[in-house]
């Protein structure tokens, strides 16, 4: 499964550097997760790193 960033994203950029597979990039108004690249941090972290650092909890499981 992958994750998705919702429209509640504040464009703070906290998530982007945390992704171990570089699945997160800046979109026009919110950050975007490439669902074909996202591995839910399996093999890297105990929980998805982006979810752990998001200050507004706008990253959801797809």
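Glycine residues also receive a Cβ, built from the backbone N, Cα and C atoms like all the rest.
Here the domain '4Fe-4S ferredoxin-type 1' (2-28) has a mean pLDDT of 98 out of 100. The annotation domain '4Fe-4S ferredoxin-type 1' is assigned in Swiss-Prot to 2-28 on the grounds of sequence analysis.
Around the Cβ of residue 9 ([4Fe-4S] cluster 1 binding site), 18 further Cβ atoms fall within 10 Å across all displayed protein chains. Residues or ranges marked as [4Fe-4S] cluster 1 binding site by Swiss-Prot on the basis of similarity to another entry: 9, 12, 15, 54.
Using a 10 Å radius centred on the Cβ of residue 38 ([4Fe-4S] cluster 2 binding site) and all shown protein chains, the other Cβ atoms total 20. What Swiss-Prot lists as [4Fe-4S] cluster 2 binding site is 19, 38, 41, 50, and the listing cites similarity to another entry.
For the domain '4Fe-4S ferredoxin-type 2' (29-62), the list of distant contacts is 1-16, 18-23: same-chain residues at least six beyond its ends, Cβ to Cβ under 8 Å. Annotation source Swiss-Prot lists domain '4Fe-4S ferredoxin-type 2' at 29-62.
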Do any residues, 6 or more residues outside the domain '4Fe-4S ferredoxin-type 1' (2-28), come within under 8 Å Cβ-to-Cβ of it, and if so which ones?
34-41, 44-45, 48-62
By Cα geometry, the one of the binding-site residues (9, 12, 54) nearest residue 19 ([4Fe-4S] cluster 2 binding site) is 54
